[in-house]
Amino acid sequence: MAPKQIRTIGQVSQYVCLLSKPVSPVSGQVRQFTSPVDASIPASKQKFVPSSGTYPKGFKVSGSHAGVKASNTSAPDLALVWSEEPCSAAAVFTTNKFQAAPVQVSSELIRKRNGNGIRGVIVNAGCANAVTGKKGLQDARSMSKKADECNGLKEEDSSTLVMSTGVIGQLLPIERILNKVPEAQSNLASTHAAWLRTARAICTTDTFPKLTSRSFSLPSSPDRTYSIAGMTKGAGMIHPNMATLLGIICTDAPIEAPVLQSLLSHSISRSFNSISVDGDTSTNDTVAILANGAAGGTPISSTGSKDYTAMQSILTQFTQSLAQLVVRDGEGATKFVTVRVKNSPSYTDAKCIASTIARSPLVKTALYGKDANWGRILCAVGYTPDLTPGTVVPERTSVSFKPADGSAELKLLVNGEPESVDEGRASSILQHEDLEIVVDLGGGASGEAGRGGEDAIYWFCDFSHEYVTINGDYRT
């Protein structure tokens, strides 16, 4: 059975915050359920928090303190992202059957508006507003309406998407939140400081705010500069279909709603649907992108245009960087692992195998222990369910470690035959934070290795003692 994909609804905006540089996780970093402030960001990660940015025209943001979680007495936990003009929007949502109230409300809003006329996103951290019944739905709608009202909108249908993250099964302190929305609106700004504070406001067990931005051009307007910015949160309960992961992406490029949804869906399948921290899929996952066209130019209206092809590459790279950043901040993580499955008869089967390896507790714990136990990797390949017959042929399968320093691969298994492994070199490779595992299927039964075989990439982290500590103490 192929890995499930994040469900796409209508035309929704995607918002995602990422860092442009890799982040080094710190073992033993104690995580508190609150938005990180400067003093709590691990020293090794502070340098990856951007000191400046290039932000899209027409967007303003704010991060305010509402005290959603009683223990949070000062950190921002209410975020507002707002466009001065109506946006095309696209979004993807969790496929968990117990979809949180904000997921239901936002997906409904996008369907009603066909991805048009969206103005912003309001987010609270500290309470997921999931499995909260009719009251939870009412509260999510109230947040959307309040954001509209504070920005002078009085339409019957709301135009603000809603996101929440935190503990499941608890009602929002809704009056506390609603009373702070006017402050969030008055604090809206387009400065780097405002974007950074907003990225902090959506964090929970994250150890640092994840924010990035970049400029780009399109073939139809090579002299025109566009910008894209994103923020995200996520460190645990991470596995497609997305998993306590919220992402907000904003761009000033002109993109029509149906095309925007196509762009987002393509990028998600190769980014957020290709990561895993712990194999759990959250009730609240949402990634949205908003495009307000404020930078001008010819709107992207066709999937067959050169602008569409260029934008597809830009957005996919952007979301991949963000997705990788989430893995790098995985709860208790000490390793950032890329698993590449090569020469498969199909992309779907290759991705399914990569996902199975990434979710294996035995593989993850071996990597944490710096144990080159490649048998666990091979075992995961062998028990991957519902593959197309002939995908995995033992005598054609090879496994190797690819070091982060660019040196030669360490071959562990070649065409089904074990290699004489240099344990010293294997141990040296596993001392590094970054590692790539390469599984070559040799074309499966077809034997088409190197001649058009399909490849898939997945990113994951290891399991450490700290992961258990963090999640054992999550509600305390």
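Using N, Cα and C of the backbone, Cβ positions are placed for all residues, glycine too.
Taken verbatim from Swiss-Prot:
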type	residues	note
ACT_SITE	Thr244	active site, nucleophile
BINDING	Thr204, Lys233, Thr244, Glu331, Asn471, Thr476	substrate binding site
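Shown here: features listed in Swiss-Prot, placed on the structure.
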residue	record	CB count, 10 Å
Thr204	substrate binding site	26
Lys233	substrate binding site	28
Glu331	substrate binding site	27
